[in-house]
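The Ca(2+) binding site annotation in TrEMBL covers D13, W14, E16, N18, E27. What TrEMBL lists as transmembrane segment is 28-47, 59-78, 90-108, 120-137, 143-159, 171-188, 208-231. Residues annotated as Zn(2+) binding site in TrEMBL: H77, H206, H210.
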Amino acid sequence: MPSIFEYQSSEVDWCESNFQHSPLVAEFYNTFSNVSFLVFGPLMMFLMHPYAQKRSRCIYGTLVLFMVIGLFSMYFHMTLSFLGQLLDEIAILWLLASSYSIWMPRCYFPTFLAGNRSQFTCLVIATTMISTFLSFLKPTVNAYALNSIAIHILYIVYREYRKTSNKELRHLIEMSVVLWASALTSWISDRFFCSFWQRIHFSYLHSIWHVLISVTFPYGMVTMALVDANYEMPGQTLKVRYWPQDTWPVGLPYVEVQGDDKSC
């Protein structure tokens with residue numbers, strides 16, 4: 001049985017033609033569209049720094065994982081190697097685990113944990129370690145399993161959307177869902193309707209997925225920060241801002257922490 005560290009081709013091959021633009025890069029657009037992760041990651045780390053100082057420094061680790069996903073995805077699409085595929089998917093899995101551990105509201109914890117975040121984090125880490133091992137057994141289903149986690153996230157978001165009258169939070173939830181649905185549509189279209197896109201010479205939907213999902217994450221991150229603040233930061237008010245300017249029609253969301261005497 002070959003080692004994963006020996007070169008093996010991935011069973012996953014996206015719609016973009018291979019080695020069309022460079023003899024060194026298998027999927028040119030799918031590779032370099034990941035630059036958005038490397039741009040938004042450091043920017044969000046800078047913008048969210050005051051919030052991370054108040055809430056949890058583990059947020060820096062989450063954003064590092066976000067950038068690592070960009071690097072591993074670039075490696076995967078550049079080489080179409082099995083190792084690259086696994087690194088990409090495992091990094092996504094640990095990003096989701098990190099986000100669950102930090103922002104999942106206690107009211108959604110399993111009842112046997114009695115709202116204990118430390119125990120919940122241990123449960124998430126254990127589950128993620130088992131899932132990491134299982135990802136080696138049937139790699140072709142990994143992407144579908146990762147996308148299916150979005151169903152649970154959508155359930156949480158739907159519950160919180162119905163609870164809140166906060167217009168900023170409702171707007172962020174709406175934008176996050178629209179961006180995620182657009183990204184998922186691009187992913188599915190590239191995966192299952194490749195022959196159509198190749199006939200019209202537009203086989204770049206997976207690269208569009210990269211850009212859209214890299215924007216979706218900051219929106220989702222700020223959404224969960226606002227939801228989490230209702231439970232974990234009752235003495236603080238989070239104000240949503242947009243980079244580069246609040247007045248621009250399109251921007252990258254982040255939060256400012258404002259102390260007050262609010263009680264929830």
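A Cβ is built for glycine as well, from the same backbone N, Cα and C atoms used for every other residue.
TrEMBL labels come from automatic prediction, so no person has curated them.
What TrEMBL annotates, mapped onto the structure for a quick look.
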| residue | record | Cβ contacts under 8 Å, 6 or more apart |
| --- | --- | --- |
| D13 | Ca(2+) binding site | L80 |
| W14 | Ca(2+) binding site | E27, N30, H77, D190, R191, C194, H206 |
| E16 | Ca(2+) binding site | E27, F28, Y29, N30, S203, Y204, H206, S207 |
| N18 | Ca(2+) binding site | A26, E27, L80 |
| H210 | Zn(2+) binding site | N30, S33, N34, S36, F37, S73 |
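Looking at which of 90-108, 120-137, 208-231 has the most CB pairs under 8 Å to the transmembrane segment (28-47), the answer is the stretch 208-231. Ranking the binding-site residues H77, H206 by how many other Cβ atoms lie within 10 angstroms of each Cβ puts H206 at the bottom. Long-range contacts of the transmembrane segment (120-137) within the same chain: residues 4, 86, 89-90, 93-94, 97, 100-101, 104, 106, 109-110, 113, 145, each at least 6 residues beyond the stretch ends and with a Cβ under 8 Å from a Cβ of the stretch. Residues W14, E16, E27, Y29, N30, T31, S33, N34, S73, S207, W209 surround the recorded Zn(2+) site, their Cβ atoms falling within 8 Å of the Cβ centroid of H77, H206, H210, which are themselves excluded.
Taking the centre of the Cβ atoms of D13, W14, E16, N18, E27 as the Ca(2+) site, the nearby residues of that chain (Cβ within 8 Å, site residues left out) are C15, S17, A26, N30, H77, L80, H206. Of all Cβ atoms in the protein chains displayed, 27 besides its own lie within 10 Å of the Cβ of E27 (Ca(2+) binding site). Of the recorded ranges 59-78, 143-159, 208-231, the transmembrane segment (90-108) has the largest number of C-beta contacts under 8 angstroms with 59-78. Sequence-distant contacts of the transmembrane segment (143-159) (same chain, at least 6 residues past either end, Cβ-Cβ under 8 Å): 12, 89, 92-93, 96, 104-105, 108, 131, 173, 176-177, 180, 184, 187, 220, 223, 227.
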